[in-house]
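Database features (TrEMBL):
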{"type": "REGION", "residues": "1-46", "note": "region 'Disordered'"}
{"type": "MOTIF", "residues": "51-79", "note": "motif 'Q motif'"}
{"type": "DOMAIN", "residues": "51-79", "note": "domain 'DEAD-box RNA helicase Q'"}
{"type": "DOMAIN", "residues": "82-265", "note": "domain 'Helicase ATP-binding'"}
{"type": "DOMAIN", "residues": "296-450", "note": "domain 'Helicase C-terminal'"}
{"type": "REGION", "residues": "546-581", "note": "region 'Disordered'"}
{"type": "COMPBIAS", "residues": "546-555", "note": "compositional bias 'Basic and acidic residues'"}
{"type": "COMPBIAS", "residues": "570-579", "note": "compositional bias 'Basic residues'"}
Amino acid sequence: MADLPSGTDVSPQRGTGRRVRTDRKGSGAGPEARVRGVWRPKMADPGDGRWESLAAGLSEGVTRALGELGFTHMTPVQSATIPLFMSNKDVAAEAVTGSGKTLAFVIPILEILLRREEKLKKHQVGALVITPTRELAIQIDGVMRHFTSHYPQFSQMLFIGGNNPIEDVEKFIKFGGNIVVGTPGRLEDMFRRKADGLDLTSCVKTLDVLVLDEADRLLDMGFQISLNTILGNLPKQRRTGLFSATQTQEVEKLVRAGLRNPVRITVKEKGVAASNTQKTPTRLNNYYMICRPEEKFNQLVAFLRQHKQQKHLVFFSTCACVEYYGKALDLLVKNVKILCIHGKMKHKRNKIFTEFRQLPSGILVCTDVMARGIDIPEVHWVLQYDPPSNASAFVHRCGRTARIGHGGSALVLLLPMEESYVNFLSINQKCPMEEMSSLREVPDVLPRLRKAALGDRAVFEKGMKAFVSFVQSYAKHECSLIFRTKDLDFAALAKSFALLRLPKMPELKGKHFPDFVPEDVDTNSIPYKDKVREKQRKKLLAEKQLERQQNEGKRTFVRNKPWSKQKDKKDKKRKRVAKRQREEVCVLSESPLIPPHIDLAASSTWQALACSMSPARPTPRPAVGASASLLPPSGIPQSLRLAPSLASFKASQDPPLRPRLWSPSYLHIPCFPLLLIPTTSLGGNP
């Protein structure tokens, strides 16, 4: 068996699999020991962590590629995972962000495929890597191509959204794909492209290695159905690796279902700072800043202006906020390249991601689409303008900096009512933070932003959408005890968005905000700065105005509604009518006795009800088709009285009586359900 690095604690796991735990420091090899009847490696002697120290050895091309990339030593997760993966064992690795998990599966994939007895043909897939986002897939594909450039016998294919699926099929048919990297949605689509000439199910019968990178994120993003479809097409005899920064219950279920006797590897930070299993790199400086809503954006702009020569990731909670604040920062922070990326972008995302990676400095405004697994060189600051919707995403956001031994810093901006979130993160995510004082004498840039909204309708509309999306996102926050919508100062929040007026939304309905003064301007008159869009807007307004003039005084046409809605409407109306009839019958005069003006002899309904309720003279159930015998007026017992009103009937009974109902099909007479009760039960005398 291959040796593991020193400092690795090997302990048997309950149930299936084995657990390997290693510290961030130390690597090398050591003798083996027998643990509970199973041969497992025992860590003893410290090593230097060089690639040459691997017992199995690496191929010449792999070693040459590592030298070109400048990786002379293994990281702890690599030294613990690579020997096990190369020795045909399933692994489930958990390590902090930026610990080098990508090479921990790229190198074993190449070594396993190189040592195959039967060489792969062009269309035979030997390895499949599944990632949650296309940016991460592009990154892994780039790393893999650097290694496969030394092995021209291996073809490689990338299946991600944003590309034309027909072109992907044609490319695979033409060039093949021994190593496939992709996202779940596009891979699932490729398995269904048999009609287009791609039988991917047959191609993956030769699969040797399956890797699920950021496995917890794959399940969080709702890819369970796609993953089940993909795994159902893969052979059972394979090696599987799960890699993630956090292990969740969903990942645990996937481990039990998809891995056979896996080795679990957990890499933790070593030292005092990591005594409580800290989940962020020790080289990361983590800060938080407390500021009021109307000061928050001013603080962000001032901070970015002071660090123009550095590389920043600025996280917002929603796509609309990215669109709006990206535009705002572009107006207010000059001489800096500012890019925006979010999940609703389809074809632009790949281009923007590649462009930002190559920039020496700049600002990338983004959502959590950039929070997992993305490796961007030399990111100096991760700025979280909005806290993430769940605590685990906070750790992954911070992990975009301080990667592979480099330093970095992260800052989250919090409102005064959100300060307890700091303690929550230190307990829940083992993520300690230091407070950073807010910047002094910060210029107020919000008037400039309002002026921009007055001059360009695009800015005005983006601000309104961003405000609405932020409030809706805030209401869905995982930590609802800390992030409470009812505690938000909507007036100050609207000022921080530089809104000209408050939007119409359910959260603001019926509320008044005297602290917010809307601009004295007709927002419908604000033009687009883009002349083409403004021309289209004016044309649309003219058409609507003409339509209103033509339809003035005419009966508006109502489209046919679906049958189900019509039926629901009729049912509701029928219930309202029945309820009104019951109430009208039950509301009588002030006298508790039966009113004299009611002709009982002429009312078959009253007689039938009396017949049914009278204990002295019960009426047997008539045969089908027979008419019910009715009692004469004298047959109504004096003990039967009508309640003076429905309200008094309900109030007089504790617990309330359940009124009896009589079916028209039973008595074959028209009847209505009435509330009739004996007066003796109400405490009255007959």
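The count begins at 1 with the first shown residue.
Glycine too: its Cβ is placed from the backbone N, Cα and C atoms.
Computed over the domain 'Helicase ATP-binding' (82-265), the whole-number mean pLDDT of the model equals 90. For the domain 'DEAD-box RNA helicase Q' (51-79), DSSP puts the residue distribution at 17 helix, 1 strand, 11 coil. Remark: secondary structure over the compositional bias 'Basic residues' (570-579) totals 10 helix, 0 strand, 0 coil, with classes taken from DSSP.
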